[in-house]
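**Student:** Dropping a structure here in structure tokens format, bear with me for questions.
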Amino acid sequence: MGRRLSVWLCTVAALLSGAQAKGTPLLARPAQPSASRYSLYTTGWRPRLRPGPHKSLCAYVVHRNVTCVLQEGAESYIKAEYRNCGWGPNCPSTVRYRTVFRPRYKIGYKTVTDLAWRCCPGLTGESCPEHLTDHGATPPHQEPEPQIPLGQLGPGPRPSPYSREAPRPRGRKGQGPFGERLEQRLSQAYGTLSGLVASHENPNRITGDSRAPVVPIGFGVIPEGLVAPEDRGRGPLIPPLSEILSKVTEVSNTLQTKVQLLDEVRGLALGHEAHLQRLREAPPSPLTSLALLEEYVDQRLQRLWGSLLDGFEQKLQGVQSECDLRVQEVRQQCEEGQAASQRLHQSLDGRELALRRELSQLGTQLQGLTLTGGGTCCSQLALISARVDSLERNLQAVTETQGGPGTLAADELARLSAAMLQGGVDGLLEGLETINGTENGARGCCLRMEVGGWGVGGFGSTLEQRVQSLEERLATLTGELSPESAIPDRSARPLVHSELAVLEQRLVSLETSCTPSTTTAILDNLVAEVKAWQSRSEALLHQVARHTALLQQLNGTVAEVQGQLAEGTGSSLQGEITLLKVNLNSVSKSLTGLSDSVSQYSDAFSAANTSLDERERRVEAEVHTIQEQISSQGSRLQAGHRQVLNLRGELEQLKAGMANVARGLSRCRDTAQELQHTVGHFDQRVAQVEGACERLGLLATHLNSLPTEQLRSREGLWGHIDKLNHTLAQHTQDIARLRDDLLDCRAQLAEVRPGRAD
């Protein structure tokens, strides 16, 4: 009997140390009713299974998976905030875009530890129903576990972890995958420890009623009424020692796992503390500095002003280059017009010279035609006499036909001829006198004679011109007087003789006017020559009549030639004049085009000036606008400065909150260290329990030799059991305190994370 009792005590100590395994039954057999008033096989407050047919059931610790919502990470999105301007009633509202982080969730799985009633190992048949042989089955007629009275839980009672839900921070649906994993592990560890200790919080669980199984304990206790009669005679079933050792090994492994979890918690706490330290030591944001904001605004204004000036200078340079190009084009056109006018003047000068040459050639031709009658003065005199005869005849005819008008015409002819001859001969004779006065000697006399001959020739040409003019006037007069006038006869010849007499007198006076140095021989020769000239003149007078007809023919030919020349000259002149008119028209048109282009350029310049004025006004308006914006920016900067000050106050508050969080984390770290010390102390207590088991084993060997009556009087064993219960109560209090610290840590972490997201 003593040996069996020692084995059961070791089993109870191992089970109280927190042994659990998936699907592993925790066996216990009831003791005899006469053993002691301190029965270890008592039921809970309300049994989960009614006593009766379920005597072969055992409590199993099972694990099941449940779905839950986990936070996978965070994603960012842009949120627009509209804020009213605070420095004025009419200022526009500002829009600020913020990047906000929101959590992203996923469906995860969580393992939950629970108790299930199943058939004990090795039991089958009528006492083990089929629906309880399945490992996933749960016993029927399960009822919820009632709340244990606070008076029976010892000094530090705590409710079951499954009936209390951890508080969650506001505004947050999850704590991230890392926090979820930590929470899951801590919850599992805390649930396991609480499940193991919950049944030992009240000593009445051990010494209470023995009619129902103890449900909250991590193992099943079958009451006395459920033991079969055949098993009661054979005594309680004793589990093998290897199973007990395996349970102890599992307990030690579980404790090592809890130590590792505590180490992880400590590492997480230290990591959070380091992160908070980095947040405290992080430099402030550059946007909170007013000097940096002012420098940024100044740089933006300088860049804007530089860009405006550069654009204005580029526009001015473009306008100036365009104006220069247009001025160069106008200058080029003016130079081309000047060159064209110069070419026109040169062509006109060339035409004028050509016309002058042609006129001089025409004069020489006319002079040649007048001299075709003879090469000497005699021939010229013959022609003159012939023309004079014809004139006399014409005048005679006029006098005969008209009578009175004839005398007038004769008087007119005499007057004209006398005046013409007088003027022309006087001039020529004066020229001859001057020439003769410059010569000396015989050579001089000869030269004077030659010059006199030249003078006579010139006199003949002059006389011919005078006669031609006289003929023209006579023809005009004859046409006016009578269109049917006849040719005059020789009645007008005395006039010619008188003129010749006058000429002879002038020659005589010329002879007498010679210098005294001349010799008489020369004078005699000259007199003889004059006489010869007189005789020749008489012969010429006779020849005049013969050459009258020839002279008339010659006059007709000359008239025809003159008409042809006049027509040719007129046509050429008309063509040249037409060409000149065309050139002048083209020049006038080009000048008109130049004036139009100049007017266009002037209009363009005026438009450019107006556009520049408008541009200047616009630039001034923009500058005023920029100044107003700068002033408004200054007011906004003041408002921003106030906001910065407010933000600084909020940051100070946040720093104070972070300091509080740091203090909380330090408390959490201290709690973790205390928990570690508690776990170490718990290991020591487990070692003490193992030693106690050994001592109890030795005690059991000694008790086997003692009778049963003496064993009843030994109260020391139950004293040890009371100590064990007291130790379990202390452990429950420590675990409750650790749970409170864990909840505080969770709340502080939940407060820190929203601040980081903001």
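Quick reminder: no glycine exception, Cβ is built from N, Cα and C everywhere.
Keep in mind that what you see is a predicted model, and the values were worked out from it rather than measured.
Pasting the relevant annotations from Swiss-Prot:
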SIGNAL    1-21  signal peptide
DOMAIN    54-130  domain 'EMI'
DISULFID  CYS58-CYS120  disulfide bond
CARBOHYD  ASN65  N-linked glycosylation site
DISULFID  CYS85-CYS91  disulfide bond
DISULFID  CYS119-CYS128  disulfide bond
REGION    131-178  region 'Disordered'
COILED    379-401  coiled coil
CARBOHYD  ASN436  N-linked glycosylation site
COILED    460-483  coiled coil
COILED    528-567  coiled coil
CARBOHYD  ASN555  N-linked glycosylation site
CARBOHYD  ASN609  N-linked glycosylation site
COILED    642-677  coiled coil
COILED    720-753  coiled coil
CARBOHYD  ASN725  N-linked glycosylation site
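Have a look at these and tell me how they're positioned relative to everything else.
**Tutor:** DSSP assigns CYS120 (disulfide bond) to coil in the three-state reduction, outside any helix or strand.
Other Cβ atoms within 10 Å of the Cβ of ASN65 (N-linked glycosylation site), summed over all protein chains shown, number 9. In the three-state DSSP assignment, the secondary structure recorded for ASN65 (N-linked glycosylation site) is strand.
CYS91 (disulfide bond) falls outside any helix or strand according to DSSP and counts as coil.
There are 23 other Cβ atoms within 10 Å of the Cβ belonging to CYS119 (disulfide bond).
ASN609 (N-linked glycosylation site) falls within a helix when secondary structure is assigned with DSSP.
Remote same-chain partners of the coiled coil (642-677), defined as residues 6 or more beyond its termini with a Cβ less than 8 Å from a stretch Cβ, comprise 259, 262-263, 265-266, 269-270, 272-273, 276-277, 279-280, 288, 290, 738, 741, 744-745, 748, 751-752, 755.
In this structure, ASN725 (N-linked glycosylation site) is part of a helix by DSSP. For ASN725 (N-linked glycosylation site), the Cβ neighbour count at a 10 Å cut-off comes to 19, with all displayed protein chains included.
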**Student:** List only the single closest residue to CYS128 (disulfide bond), chosen from the recorded positions ASN65, CYS85, CYS91 by CA-CA distance.
**Tutor:** ASN65
**Student:** If you measure CYS120 (disulfide bond) to ASN65 (N-linked glycosylation site) at Cα, how many Å is it?
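**Tutor:** For CYS120 (disulfide bond) versus ASN65 (N-linked glycosylation site), the Cα atoms are 24 Å apart.
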**Student:** Find the one among the glycosylation sites ASN65, ASN609, ASN725 whose C-alpha lies closest to that of CYS85 (disulfide bond).
**Tutor:** ASN609
**Student:** Around CYS119 (disulfide bond), which of the listed recorded positions (CYS58, CYS91, ASN609) come within 10 Å, judging by Cα atoms?
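**Tutor:** Within 10 Å of CYS119 (disulfide bond): CYS58.
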**Student:** Would you count the other CB atoms within 10 A of the CB of CYS58 (disulfide bond), including those on all shown protein chains?
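**Tutor:** There are 21 of them.
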**Student:** When the Cα of CYS91 (disulfide bond) is compared with the Cα of each of the recorded positions CYS58, ASN65, ASN609, ASN725, which one is closest?
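**Tutor:** It is ASN609, whose Cα lies nearest.
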**Student:** Just the number: how many Å between the Cα atoms of ASN609 (N-linked glycosylation site) and CYS58 (disulfide bond)?
**Tutor:** 110
**Student:** Return the count of C-beta atoms lying within 10 angstroms of the C-beta of CYS120 (disulfide bond), excluding that atom itself.
**Tutor:** 19
**Student:** Is it possible to get the count of other C-beta atoms within 10 angstroms of the C-beta of ASN609 (N-linked glycosylation site)?
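**Tutor:** A count of 11.
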